[in-house]
Structure formats: structure tokens, C-alpha cells
Amino acid sequence: MRPALALCLLCPAFWPRPGNGEHPTADRAACSASGACYSLHHATFKRRAAEEACSLRGGTLSTVHSGSEFQAVLLLLRAGPGPGGGSKDLLFWVALERSISQCTQEKEPLRGFSWLHPDSEDSEDSPLPWVEEPQRSCTVRKCAALQATRGVEPAGWKEMRCHLRTDGYLCKYQFEVLCPAPRPGAASNLSFQAPFRLSSSALDFSPPGTEVSAMCPGDLSVSSTCIQEETSAHWDGLFPGTVLCPCSGRYLLAGKCVELPDCLDHLGDFTCECAVGFELGKDGRSCETKVEEQLTLEGTKLPTRNVTATPAGAVTNRTWPGQVYDKPGEMPQVTEILQWGTQSTLPTIQKTPQTKPKVTGTPSGSVVLNYTSSPPVSLTFDTSSTVVFILVSIAVIVLVVLTITVLGLFKLCFHKSRSSRTGKGALDSPGVECDAEATSLHHSSTQCTDIGVKSGTVA
């Protein structure tokens, strides 16, 4: 009982907790086609703690050069005011500082400050001004933070002491290739879980390792992972041009399912695409059946379901024909447990068993999705040590009980052996006495015989 209590008391010491003043639900991320991703975090950290937090996520404290980098940061800021609700100006740590050997340069745009990670491709200085002019100094190290008006509009740079706390920080991540945003089709409730421990409902580009989950009609849950190859990246189980969830109609708009009247809108401010198994007609608005696949629009075929068992787990194969479903209730039902959401700064990710789709094309135009259930993976607190400790404790207790039992049996047998020997000795003593008496009687009878003989002789 005491070891178990001690283990329970030690659990909080090893279980990671969010940092002071963190607001993980307000964090957000964005990626550009160049392979750079940025994340914004609301947390009252010092400069060094902010650098460690970015490093823990696999990135560095962000620079904010002009051009695409500034636009990405601007997009993150304008996505929402954050936990303050836009009631005050916010400060965010960036990788801008002035070392001890550098002096204040009043005529330079950065006033003698420099970026920790210079960008050769985007070497132009940031267009942001200084909210307050830095103090003149050549002997004191100073840091700079990005000030955002009401937390959404960048106002400029502000000199700060590095040991002070700000309202948040910006991180930057660099990847060689990215996956484009998947086409949702009829999918809803999209959630992107990025490898730098942030989740988002929408990402134009996703780095390798990102997992996307969505709900299809009929409460069917699907997921896919961005996988990197030699020179490109793609979503696992999704062929180019396919969607996460098939549409119940024949038309697509920007990768999403649309109704027929919307697609045939006379304004012509968008283009129409056809679902799998159909092709766009000559008029550019109607969908026609592909001749080589010999599909018909009459009726709807019910999906077939084959369930087989493999050593890795149950695999469910679902075949969706080229025709589409008019009733969502006809879709096969699959129960899946997913855990998506924003994580805190520290690495506390835990995933539940997931079902990953693999799409296979057939000559008949059908699309087959293979859902394989993988075992749960725990990336944080492992309970195997607790199980081992309990098993070892039980084994020790059983060994002690067996030892005590064996000693008791040995002691009992020893006492029985001594008592049996004592009884046997007592029985042997009367026998000796009987033999002595018999010998004495025999000797007396012998004497009597001799006396009788002698008497006869005398007579």
C-alpha cells in the first residue's frame, strides 16, 4: 500500500504541466508554399523560455523579415485577438536583439539590432517602425519584441530587457516539402494536427507528419497523414484529385460538394468539377458519364463490406462504386476514436487507436478505402513501469508466504520425528526387562532341575 501511495505522489512530479500563463486554445499556425511554417503562442514567457519552447517544438524563435515572412506573421495576428479579447496591446518575442558589443544606430532601420537567423533570400529590412526609440547603449544586451495593437495589428518594434515577460512568442519551422491542402469533398469538422504540437481547422500547406481527420456522411470518420518522399510529399491513401469523402451529388466546387443549381449559376464566377466516375461536358457546366468506365446514373448500388482479420488487427474493406449515394444513411458505419486538439508547449501528446484509409482504384471506376486499425501509441507517460512494479511486489509477497509455509512444515516434521524417537525408546526398555526376567526364570528352573537330580541320586 505504501509503495502505491508513493507512486501516486510522484506522478505529478513527472507529468508535464503547461507553463505559467499559457493559453494553448488561442495558439495558431500557418505554412507557406516555400516550406516555412509559423506558429503564434500566447504565454507569459521570458526571452530564454520562449526560445526553449520553440526548440522543444522543433523550430526556432521566428524572424520577421519583409515579404512573405511578414505576411505570414500578419495572417497569424489577424486570425484573432487572443485571450485578452482585443482589450490591450500585446507583445510577442521574436529573434531580434542587440548584443553587448553592438551600439545603438539611430539612422539604421533596426537601430543596431540584428536577427539571430539572417535570411539570405529575404534580406530586406522589416517595414515596421519602432514604437519607442531604443536607448543609446553599447554595453548592455537588449532584446526586441513585436507589439500588436489590440493583439491583431502589428504596430512595430519595442526594446525590452531580455529577462522580462511578454504576452507571447512566435516560432518558425522550415521543411523541404509540404503537402497541399486535401480536397474535403463532403467532409466536415476537419482537424489538422501538425508535428509541432498544434492543431488547426485549416492549413493551406501541411508539413510531413501532419495528420488530418474529418467526418464523412453517415458518421464515418477518416484520417490521413502527410508523407514525405524524395522530392515531394503527399497524403497517405489519397490519390491526386480525390477527396476525403465522396459527394452525394455529381459536382464539386473548390474541392467541396455543391448542389446542382449552385454549380450552374449564370454569373460564371467559378468553375465546376465532376466527382469520380464523371467528366465535365463540352459546355463546361454539365457532368457526363465516362464511357470507358461504363457507369450508369440509374439507381444506386449498395456498398459491399468485407471484414477480414490480420495479425495487425481488424481490417475493414469498403468498396464505393462510381455511382454516388443519394442517402447518407446508405454509407457504411465505422466507429473510430480520434483525439485531436491543441497541445500545450510541453510534449504531451497521446493518441488513441486510429483508422487510416487507403484508397485503391479498380478498373470499374470504384474507389476502395481500406481502414486499418492500428494499436494505440503512447508518447508520454508510460504506465509499464507501474505494472512491472506491481508484478514484482506480488512476486515478492508470494515468495515470502511460500518461505514461511516451508519453514512451518519443516518445523512441524522435526517435532514429530523427535516425539516418535522418544516413544520408541520407552517401548524398548520394558522389553529388556522382560528378557532379564526370562533369563532369571530360566536360571532358577535350571537350578531347580539340578537340585531334583541331586535329590534323586541321594535317594
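Cβ atoms are placed via backbone N, Cα and C, with glycine included.
Pulled from Swiss-Prot:
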type	residues	note
SIGNAL	1-21	signal peptide
TOPO_DOM	22-386	topological domain 'Extracellular'
DOMAIN	33-173	domain 'C-type lectin'
DISULFID	Cys143-Cys162	disulfide bond
CARBOHYD	Asn189	N-linked glycosylation site
DOMAIN	246-288	domain 'EGF-like'
CARBOHYD	Asn306	N-linked glycosylation site
CARBOHYD	Asn317	N-linked glycosylation site
CARBOHYD	Asn370	N-linked glycosylation site
TRANSMEM	387-407	transmembrane segment
TOPO_DOM	408-459	topological domain 'Cytoplasmic'
MOD_RES	Ser440	phosphoserine
- Given the disulfide-bonded residues Cys143, Cys162, which one's Cβ is surrounded by the fewest other Cβ atoms within 10 Å? Cys162
- Message: Tell me the coarse DSSP state (helix, strand, coil) of Cys162 (disulfide bond).
- Response: coil
- Query: Per DSSP, what is the residue count of the domain 'C-type lectin' (33-173) in each of helix, strand and coil?
  - Reply: 21 helix, 45 strand, 75 coil
- Task: Take the C-alpha atoms of Asn189 (N-linked glycosylation site) and Cys143 (disulfide bond) and report the distance between them in angstrom, rounded.
- Result: 41
